[in-house]
Amino acid sequence: MSWQTYVDDHLMCDIEGHEGHRLIAAAIVGHDGSVWAQSATFPQFKPEEMNGIMTDFNEPGHLAPTGLHLGGTKYMVIQGEAGAVIRGKKGSGGITIKKTGQALVCGIYEEPVTPGQCNMVVERLGDYLLEQGL
């Protein structure tokens, strides 16, 4: 299965039980910041934004004072899982980033999708990739 298929079929799909509700953007990005696959709507990000995200996985709390920046958008960092998941909020939407052994699984949402639904979609794929040694 191609990385693009994972994005299209497992991240940009309808949320279970909520037909028509889906993430607004998603991507799988290598730890080095290289894009493995992304939706057409995923924002163009700067290398320093990805570096900040990777630093926060290695040093939890690093982004808390400044916020998480991706594609020029600033998200307030909210409760995540140290070293495993970073969550951010901006207005009625937000972002979830799950770290696997080799990649970051990223999902961005807006209402009517809830933070919990975004977490479920992103973390389910991230957990699967971890189980596969990726």
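Glycine residues also receive a Cβ, built from the backbone N, Cα and C atoms like all the rest.
Over in Swiss-Prot, the protein carries these features:
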DISULFID  Cys13-Cys118  disulfide bond
MOD_RES   Thr114  phosphothreonine
MOTIF     84-100  motif 'Involved in PIP2 interaction'
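Proximity of Thr114 (phosphothreonine) to non-local residues of its own chain (separation of 6 or more, Cβ distance below 8 Å) is seen for none.
Annotation: Cys118 carries the greatest number of neighbouring Cβ atoms among the disulfide-bonded residues Cys13, Cys118 [cut-off 10 Å, Cβ to Cβ].
Taking H, G and I as helix, E and B as strand and the rest as coil, DSSP gives the motif 'Involved in PIP2 interaction' (84-100) the counts 0 helix, 13 strand, 4 coil. The secondary structure of Cys13 (disulfide bond), as reduced to three states from DSSP, is coil rather than helix or strand.
Confidence for the motif 'Involved in PIP2 interaction' (84-100), expressed as mean pLDDT, is 98.
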